[in-house]
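Everything below concerns the one structure shown next.
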Amino acid sequence: MLLGFRNFINFSFSCAGFQKHLNTSRGLFAGQVRAMGSGKKEKIAKLSVAATPSSPKMFPNENVVVGSKLDEILSIQNDPGKLDSMTVQQLRTALRKVGASSKGRKQELVSALKTILEGEIDGEKPPVNEKESSDEPLSDPISLPKCKRSETKEKEVVDETLEVDIDIKTVKQSKSVESSDICGKKRTIKRKVAAETASIHVEVSQEVNESAYEKEPWTRFAHKKPQKGWVAYNPKTMRPPLTRDTNVVKLMSWNVNGLRALLKLEGFSALELAQREDFDVLCLQETKLQEKDVEPVRDLLKGYDNSFWTCSIAKPGYSGTSIVSRIKPLSVRYGLGIANHDAEGRVVTAEFDSFYLLCVYVPNSGDGLRRLSYRITEWDPALSQYMKELEKSKPVILTGDLNCAHQEIDIYNPAGNKRSAGFTIEERESFEKNFLSEGFVDTFRKQHPDVVGYTYWGYRHGGRKTNRGWRLDYFLVSGSIADRVHDSFILPDVSGSDHCPIGLVIKC
């Protein structure tokens, strides 16, 4: 940047308030611009600056050269060798006179002064007369390099509004106004401008993002070990449209973490959810119902006249699964057919015309991983074998809380949970071995290979607000019908449980 050699313009910024003309990716703010003229005359300088993601430097590569009285410096132009013979102190003095940085080694100082003199000779920008600059507003774009904060105070200034359009997603560092002072004094004010501008940029970005995240926290990309290309799941933009003439079946699944407690929540309406999503079948896990509690909720949804419930008899008020459907199934089964696995009400199977649907609540390995061995050596292999037997007659769809975050992309903090139930290497390998390697397809990951989408957020640390969660809920399908899946989705906006619903739209 070429600086003027005697006259300088100092700009100081102060925030004048934000104009909330905001969308998803852009922020608009207003600041105040102040200019001090020579002879303590107050003059106003107006600027208009735009920032776009496509221009990394954010501003045009323009230079402002103000002033022309450099008789003692310009004499060097006719004798280039004179620069090399100057002492470090002389070089620094010369640079200070032109308002440039005087820091660095001798060779750096010589190079800086040569650059300034060459710019003066080239004359790309004509010098501005003091009188002209005091009578007319400056209109040249001004480059805004990063500077340090200064403690210098300003006096006798006039306020004017500056509007800057920034891209809040791509702007990572702020730019500041650096130009010349008409008086040639108080150069430190421009450094103060830099610091204040930086703080304004940060405040705008944070305010815009935080406001959006409060309304839709699931859109916050949250992962402690992110990989290139990963993005946060957003159902508003990632669910493919469905035409009316497409013949599909829509399935949904939800770990409700206690159905009676969910139904008592103020503002929750199962009917509204059904009307919004228009699903054909709803699978529920962790209903925590006893058999005596089933009848009052059997007619949970009007129009869904077919409901099938299984409850834990080993431990009342624990586990429990259900299938609620407006399509009458051909047959219904409960459990895996193995006494050791069927006392906790974890499996309901409904047979439809073209597939079997399994609603499953896989056992959690528990505190201290006390059930890890049972989970990976008994339960997972038994469930896998059951699915393969069913698959001999027609394709299988498995849904529910499978209590396993399969890959690192499926959990916010993979490194911190390597020995946590649901993310141990043993559980993940068992998931791979017993289900995926047997030909069943993780529909969400197939559709969204680089998308971070969670279905569970722990209550303890308010994980839902910060989107620090796990993907524990799945739709797995037989490989033979994987290409018929139109959409595998998550509904993170539906609250009422520590899990959210998931869905599958499959073409008939």
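Backbone N, Cα and C atoms are what each Cβ position is placed from, and that goes for glycine too.
Over in TrEMBL, the protein carries these features:
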DOMAIN    83-117  domain 'SAP'
REGION    120-145  region 'Disordered'
COMPBIAS  122-134  compositional bias 'Basic and acidic residues'
BINDING   Asn255, Glu286, Asp401, Asn403, Asp498, His499  Mg(2+) binding site
ACT_SITE  Tyr361  active site
ACT_SITE  Asp401  active site, proton donor/acceptor
SITE      Asn403  site 'Transition state stabilizer'
SITE      Asp473  site 'Important for catalytic activity'
SITE      His499  site 'Interaction with DNA substrate'
ACT_SITE  His499  active site, proton acceptor
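The structure, with features from TrEMBL marked on it.
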residue	record	Cβ neighbours (10 Å)
Asn255	Mg(2+) binding site	25
Glu286	Mg(2+) binding site	23
Tyr361	active site	25
Asp401	Mg(2+) binding site	28
Asn403	Mg(2+) binding site	23
Asp473	site 'Important for catalytic activity'	23
Asp498	Mg(2+) binding site	20
His499	Mg(2+) binding site	23
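On the backbone, the CA of Asp401 (Mg(2+) binding site) and the CA of Asp473 (site 'Important for catalytic activity') stand 4 Å apart.
Across the domain 'SAP' (83-117), DSSP assigns 25 helix, 0 strand, 10 coil. Summarised as a single figure, the pLDDT of the domain 'SAP' (83-117) averages 77. A straight line from the CA of Tyr361 (active site) to the CA of Asn403 (Mg(2+) binding site) spans 8 Å. Separating the Cα atoms of Asp473 (site 'Important for catalytic activity') and Asn403 (Mg(2+) binding site) is a whole-number distance of 7 Å.
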